[in-house]
Amino acid sequence: MYPLRSKVTTVGRQASGARALWRATGSKESDFGKPIVAIANSFTQFVPGHVHLKNVGDIVADAVREAGGVPKEFNTIAVDDGIAMGHSGMLYSLPSREIISDSIEYMVNAHTADALVCISNCDKITPGMLNAALRLNIPTIFVSGGPMEAGKAVVVDGVAHAPTDLITAITASASDAVSDEGLTRVEESACPTCGSCSGMFTANSMNCLTEALGLALPGNGTTLATHSARRDLFEQAGRTIVDLCRRYYGEEDDAVLPRSIATKEAFSNAMALDMAMGGSTNTILHTLAAAQEGEVDFTLEDINEISYRVPCLSKVAPNGTYHIEDVHRAGGIPAILGELRRAGHLNLKVHTALYDNAEEWLDDWDIRGGKATEAALELFHAAPGGVRTTEPFSQSNRWDELDTDAANGCIHDAERAFSSDGGLVVLRGNLAPNGAIVKAAGVEEELWTFTGPARVVESQEEAVSIILKKEVQPGDVIVIRYEGPAGGPGMQEMLHPTSFLKGSGLGKACALITDGRFSGGTSGLSIGHISPEAAHGGLIGLVENGDPITINIRERQLTLDVDEEVLERRRATEEQREKPWTPKERNRPVTKALRAYANMATSADRGAVRVVDGYVN
């Protein structure tokens, strides 16, 4: 039997002071000696994906208590990337991932909690909590707030928008063809309920990947925030974490620990899922970071190999017209994993927090496999309510029938894949010797090869300005540099430039490349994560207006077509500047908090994690 971590604060004479304080929080004599379960909630009124989580911690806590544990809840910060988008607020988004990880480590270790329930949902919160779970390596279960319902169809200025979402609204705002009145109609329809934004954007992608890793319950990635079935997941999470405590502390079963579950094979499966569902490019950034926290040897090269062999089986917004509620109706994450299993693209030598082996897990939950349980069939019938609300669990609508059409439905089988390659592709070349990422699932195939002159800017704001001023020409390659993890700092998302390009009618006529990153809502020929970034001496820092740039997704190449001698002269000139490898003209205040992140941040090929040197243990 392993001793409870919390024993140091609950047992013996020396723990008397700590016990006195525990009693002041509501703990009783009978609680001492039971596992203390930390519930990391992320409720905030700033974020629709988290606005409904205020009382959810109580649901989990009640289940923990009934199962024999002692629940103690605390909160993390949560940044809404959509509200922070397009202005200096976006500088704080990616660094907030590290703050979330650190804050959970601080709370759990300072109070010697025995286990952890992560109530996450949106863009940086799930990755931040995942990093913390792998860092702490105590029994952990994830349960997210759930996705938002898709917006209702609207007809604006004679053009149908069906169904709507956040990206519909942002794109419409840049279109001269949409009136102010029409824009308001789109805006009012786009985000109708609480929950993470309704497409296969970063938040939903990461919640789906956490399910595939085995650290979340089946259905976690796709069950709507508004549906009563989501409440069942929270209750089950509370019961499950106490059982994991029993197995680990009582039976010395190390298999239930996060690092035993999230192995290299599990990371490979999660990334295979990502390729199959065309997830956000941010998932690569966060997966690389999580692997490092868990000391798993999983790199960009592994992701590149998976991308070559795993087909794209689904095109969900922004890559198509389906939304997460449609993925759920088609069987959710187990259905996609089931298709990969049948095609031989899944490693079955893994287990989950609930199941000892992958075969049993997928047999029970893959509705297309022929062995699914009644619980699985019931769960995936959960449908949207179609009513504007910020209340969770507020409806119990059901689909009349499930979508099991592997040829024309939301999830295809491997024989009828959208493409033989994965939805995310790693590019290399002299512009990105350490890699760059493109969401191939969101790029029209006629744009997979593209050559054009560079139009260089040194901030997202400048990019937005030249697009809205119509200074960008068809065929241009917009280069946004010094927006990487260190150069930004904070590696801003470029959703506004890509959305405004689309809204201006240039979405299929231009390319955009950056050492920054993109929102999960981005589609089109948008290449991010260029490594090394400009601030670290990357070649993107030497590009000049008019330089020809060639993109070849099929050949996985990103090339600056300029003679090496010319580039060496430019590099020598850059090195002689008073402040080399910094923007020449950019007025951007950088706070102490952001400087701290910038001084430790690695480039995107390493997950933009911090490297802390100089500490001697």
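Indices start at 1 and increase along the chain as displayed.
Placement of Cβ uses the backbone N, Cα and C atoms for every residue, glycine included.
Record check, Swiss-Prot: Mg(2+) site residues include Asp81, Asp123, Lys124, and the candidate from Glu471, Glu483, Glu493 also listed there is Glu493. One way to see the shell of the Mg(2+) site is to take the Cβ centroid of Asp81, Asp123, Lys124, Glu493; the remaining same-chain residues with a Cβ within 8 Å of it are Val79, Ala84, Met90, Ser93, Leu94, Cys122, Thr202, Ala203, Asn282, Ser519. For the binding-site residues shown (Asp81, Asp123, Glu493), fewest C-beta neighbours within 10 angstroms: Asp81. Candidates Asp81, Cys122, Asp123, Lys124, Cys197, Glu493 (binding-site residues) were compared with Ser519 (active site, proton acceptor); those inside 10 Å Cα-Cα are Asp81, Asp123, Glu493.
Same-chain residues at least 6 positions away in sequence with a Cβ under 8 Å from that of Cys122 ([2Fe-2S] cluster binding site) are, in sequence order, Ser42, Val47, Gly49, His50, Ala78, Val79, Asp80, Asp81, Gly145, Ser196, Ala203. Comparing the Cα of Cys197 ([2Fe-2S] cluster binding site) with the Cα of every entry in Asp123, Lys124, Glu493, these being the binding-site residues, the smallest distance points to Asp123.
Taking all protein chains in view, 31 other C-beta atoms sit within 10 angstroms of the C-beta of Ser519 (active site, proton acceptor). Less than 8 angstroms from the CB of Lys124 (Mg(2+) binding site) sit Ala78, Val79, Asp81, Ser93, Leu94, Ser96, Arg97, Ile100, each of them six or more residues away in the same chain.
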